[in-house]
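In TrEMBL this protein carries:
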{"type": "TRANSMEM", "residues": "20-39", "note": "transmembrane segment"}
{"type": "TRANSMEM", "residues": "76-95", "note": "transmembrane segment"}
{"type": "TRANSMEM", "residues": "107-130", "note": "transmembrane segment"}
{"type": "TRANSMEM", "residues": "167-185", "note": "transmembrane segment"}
{"type": "TRANSMEM", "residues": "257-276", "note": "transmembrane segment"}
{"type": "TRANSMEM", "residues": "296-316", "note": "transmembrane segment"}
{"type": "TRANSMEM", "residues": "337-352", "note": "transmembrane segment"}
{"type": "TRANSMEM", "residues": "358-379", "note": "transmembrane segment"}
{"type": "TRANSMEM", "residues": "400-420", "note": "transmembrane segment"}
{"type": "TRANSMEM", "residues": "440-460", "note": "transmembrane segment"}
{"type": "TRANSMEM", "residues": "472-492", "note": "transmembrane segment"}
{"type": "TRANSMEM", "residues": "504-536", "note": "transmembrane segment"}
Amino acid sequence: KARKCKTGRPSVSSSLQASIFVESSIVFAIVGCVHMVLWNQHSWCSIALFIQAFYVQHKWDRLLKSGGAVFQFRPAANSGIVPASMVMPLLGLVLRQRCSASGNVYFERFSMVVTITGMMLALFLSLIALGITRPVPTNTCVIAGMAASAILYTTKQTLTVSEVIEVLEVLLIFVYLSLIVLYLLPRCFTPGEALLIIGGISFIVNQLIKRSLNLTEVKGDPVNYFLPVVVVGSLLLGVFFTLLFCFMESETWVSSVFFHMMTAVLSLGILLPWLSLFIGRHPIMWLLDFVTFTDIRLSLLAYWVFLAVLATCVVLHQNYQRQSGSKKHQASTVVRKYFHVIVVATYVPGLINDRHLLHVASVGCLAAFLFLEYVRYFRIRPLGQVLRQVLTLFLDERDSGPLILTHIYLLLGMSLPIWLFPGPCAPKGVLPGAGGLVPYAGVLAVGVGDTVASVFGSTMGEIRWPGTKKTVEGTATSVFAQIIAVAVFLIFDSGINLNSTYSWIVGSIALVAMLEAYTVQIDNLLLPLYLFILLLL
C-alpha cells in the first residue's frame, strides 16, 4: 500500500516511484515496438538489459537520495538509468537493420559494435551502483549477472576479436572521461545523462583515433568528419584549461590573452591539419568551395544570419526588462520557447533545401556554443562576465551545476537526427515510409512537440498526469501539432513518401510525447533519439 501523509494524500516518494514506473513502462513499450519489427540474436540481450536496468535504477535512486553516490549528480531528478541505457543498443539495432537491407556490410558491422558498446556501458554503470550499495542487493546482482552473461555470450558469437577490442577501448575511454568530467563538473548530469553524453563522446573519440591511425581506410563524405574533430578539440580545450586554471587566476587579462592564443594554436595548428588528413584538402578552402557551391546555400546562410540577429535581440530585450524591473525577473516558459520557434525556422528550410549545409552549419554552431560556454565558465575577458549576466536570465532547474547547457542541449536535440542519419545505408532517391521523416525527428520532438506541450500546458493545462507537473492538455496538443507538422513537411519536401505508414508515425509520436510527460531527464536529448529510432524502423 502506498504510504500516505497526514492529509491522506500519497507521499511525494510514492508519487515519484509511480512516475518512474510509468516512464520505464513507456521505454519498454518502445523496446517492444523495435523488436516487434526486427528480431535477432541481440533482441534477448536488449530485453535482459532493460530488466536489469529497471532494477538497478532503484539502487541508483537510493544512492542519490542518501548521498551515497561517489560524485555529485544533478539534484531533483532520478537517475534515469532505464531510458538512457536503451538508447545506444536500440540505435545500433535499427541502424544494423537499415544497413543490412541496403547491403552495406561495413556499416552493418559498425552498427553491431554500437549495439554491444551501448550494452557494455550500461552494464558498467550498473556495476558501479551495485558495488557501492550497502547491503549488497543479492537479487539485483543475480539479475545483472544473468543479463551480463547473455550479453557476453552474444558478443562472443557475433563480434570479431578486433571489434571486441574496439568495444573495450570505448569502455576504457568512458571510465577515464567519467572520472574527469564528473569530478570537474559536479551537479551537471544525472547518471543516465552522463551515460548518454560521456558514452557518446567516448565512442566519437575512439572512432577518430581509429581512423587517424588507418588513413588508408578513410572514406565517405568529408562532411561527416567535422563533428568528431570539433568534439575532440572542444574536449581537449576544456580539460586543458580546467586543469590550468586550478593553479592560476582566469579572470585577468594575461590569462584571457593566453586562453585565446592557445585556442587559436589548437584550432589552426592541430585541428585544421587533422581535419585536412580526412578530407584531403585544406579545410578552409574546402569550406569556401562548399558554401559557395550553389546560390541556395548563400541564401540559406544569409537567412540564418538574420535569425541569429533576431535571437540576439530577444536576449538583449529580456535583459533590458530585467534591468528596468525586478532583479529577480526570470524568463518565462513562453519566452524560452521563442528560441525553439527560431530554431525550427532555422532547421526546416535547411532540411528541405540542403541537408549537407545544415550538417556543417550545425557542427560549426556547436563549436561556437562550446567556445562561448568556456569563455563564460572561466570568465575570460572581455565577454566572460557579460555572458554570465545575460545567460542567467534563461536558467531553469536543470542548470544546477557550473555549466549552462540548456542551449547546447537544444542544438544537440535538433541536430542529432541529422548527424546520425545513415546516409550510406539509405536507398537512392526517396526514402520510403516513415524513414523519410528521420532527419525531422529533432524538429518534431523538440522544436514542435516540446514547445507546444510547454506553452499550452503552462497556460491552459488543468488536468495533470499522475505524479508529474505535466498536463494532459499539453501532451494532446503536442501530438496534434506534430501531426500537423508532418502534413506540412509532406507538402514542401518532395523527398518524403510515407507509403501508408501513418498509424506507425502517429503511434511513435504519441509514445515519445508520453515519455516527454513523465521523464525528468534532459528531454532535448532523449526525445529526438527515441523518435529517430522509431521512425528509422
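Even glycines carry a Cβ here, placed using N, Cα and C.
Just so it is clear, the model here is predicted, and its values are computed rather than measured.
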The transmembrane segment (440-460) vs the transmembrane segment (504-536): 3 or more CB pairs under 8 Å: yes
Dominant neighbour of the transmembrane segment (400-420) in 167-185, 337-352, 358-379, by Cβ pairs under 8 Å: 358-379
Any contact, the transmembrane segment (504-536) to the transmembrane segment (20-39), with at least 3 Cβ pairs under 8 A: yes
Distant-in-sequence neighbours of the transmembrane segment (107-130), which means Cβ under 8 A and at least six residues beyond its ends: 42, 45-46, 49, 52-53, 56, 59-60, 63, 70, 81, 84-89, 91-93, 95-96, 99-100, 136-137, 140-141, 144, 147-148, 151, 154-155, 158-159, 163, 166-167, 170-171, 174-175, 191, 195, 199, 202-203, 422, 424-425
Chain residues outside the transmembrane segment (20-39) and at least six past its termini with a C-beta under 8 angstroms from it: 46-47, 50, 54, 57, 61, 78, 82-83, 86, 90, 93-94, 97, 466-467, 507-508, 511, 514-515, 518-519, 530, 533-534, 537
Remote residues contacting the transmembrane segment (472-492) - C-beta distance under 8 A, at least 6 residues beyond either end: 348, 352, 437, 440, 443-445, 448-450, 452-454, 456-458, 460-465, 498, 505-506, 509-510, 513-514, 516-517
